[in-house]
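These notes concern the structure reproduced below.
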Amino acid sequence: MNASVPPPTARDVLSPSSLNRLVRGLLEDAMALLWVEGELSNLARPASGHVYFTLKDAQAQVRCAMFRPRSQTLRFVPGDGQRVLLRARVTLYEPRGDYQLIVEHMEDAGAGALARALEELKARLAAEGLFDAARRRALPAYPRRIGVITSASGAAIRDVLNVLRRRFALVEVELLPVPVQGKEAPAAIAAMLQHACRSGRYDVLLLTRGGGANEDLAAFNDEAVVRGVAACTVPVVAAVGHEIDFTLVDFAADLRAPTPSAAAELLVPDTVLLRTRLTRLHAQLQHRAAQALQQLAQRLDAWQARLHNQHPAQRLARARERLQSLHARLRALLTARLALLRARAQQLRGHLHGVTL
């Protein structure tokens, strides 16, 4: 005898929407953010700014959505067939009962591997001391010749030349052309660094290029290029990409500049400021020279007066004056004495005359 199935109560019966809502809650409560890797397909980017796609592998697929606030943070343009790494949460799209991933973060899976390899290379080179601050040398204050290692057709060389001509036209600039991206770039840049250092022609080197995607800057993360910068006997300034871009040559160089134009500003003094400073120094020198001359003139006058007073003729003149003064005093004393004696003699004669009578 078959067991009878108890009739459902109103509380036990679910509608499709209630069921989907229940399952959605269970999924979201049970599963935190996950890392999922797979291949993109059916990618759509409507005007709303959201990104919809399917993530698949050889056996299965799952629908995904990346809403506009998150999609605006993407650092690459995703496309069908691309392998990506997602940080996502699992949820259920209730109207259709489809479970899907809501994507919080997406990165190129290949780029992730490259980033890890780059960090490993950075750590290894740092352990060898290539990035030590003590290795960095000061730039020459007034360079006579600058070697610029960059593309001959890029905007970087134009920006650098414009700034150098404006600030310090006396400096000589030589372009050392190399490809700055592509498979040939690392070997070409490393060879040019070695050639420039061995030539002994340059007071400082500038290794530069304009902005670009991470893969465009890859040559400046190449181990041979980084070692070439570190081994260079001439100070090296690195200015690769935009201010937010960092490559390994930035850590090996003697100075890192945020842009090519900023590097040119740091390489040479400003002629206008130099002229102003020289004018101020000239005025200070003139003032100090005038003061020194005045002090010397006063000392000379004092010495002349002293020498004049010590001259034999002056000493004889003063002795003559003293002698004349003494002579006059002596004559006066003698005259007075004679007068006194005459008076006394006169008195004695008168007295004798009275006695005689």
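Cβ atoms here come from the backbone N, Cα and C positions, even for glycine.
Per TrEMBL, the feature coiled coil maps to 286-336. Among the features that TrEMBL reports, domain 'OB-fold nucleic acid binding' is placed at 17-107. Residues or ranges marked as domain 'Exonuclease VII large subunit C-terminal' in TrEMBL: 130-352.
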Averaged over the domain 'OB-fold nucleic acid binding' (17-107), what pLDDT does the predicted model reach?
91
How many helix, strand and coil residues does the domain 'OB-fold nucleic acid binding' (17-107) contain under DSSP?
18 helix, 44 strand, 29 coil
